[in-house]
Amino acid sequence: GFNPCGETCWNKPTCHAPGCTCSIANICVRN
């Protein structure tokens with residue numbers, strides 16, 4: 001399925017998509 005938080009966050013502390021947060025695996029997931 002479509003993941004609106006599909007960006008990764010290895011090199012940046014935040015996710016750009018609204019309602020998303022950086023998971024422990026350095027992937028943006030729904031907050």
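Glycine too: its Cβ is placed from the backbone N, Cα and C atoms.
Keep in mind it's a predicted model, so treat the numbers as computed, not measured.
Sequence annotations record features per position, and here Swiss-Prot assigns disulfide bond to Cys5-Cys20 (among others). DSSP assigns Cys5 (disulfide bond) to coil, not to a helix or a strand. Long-range Cβ neighbours of Cys5 (disulfide bond) (same chain, at least 6 residues apart, Cβ-Cβ under 8 Å): Cys15, Ala17, Gly19, Cys20, Thr21, Ile27, Cys28, Val29, Arg30.
The disulfide bond annotation in Swiss-Prot covers Cys9-Cys22 (among others). On its own chain, Cys22 (disulfide bond) has Cys9, Pro13, Thr14, Cys15, Cys28, Val29 as residues at least 6 apart in sequence with a Cβ closer than 8 Å to its own Cβ.
The disulfide bond feature in Swiss-Prot is assigned to Cys15-Cys28 (among others); the stated evidence is similarity to another entry.
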Q. Of all the disulfide-bonded residues here, Cys9, Cys15, which one's CB has the most other CB atoms within 10 A?
A. Cys15
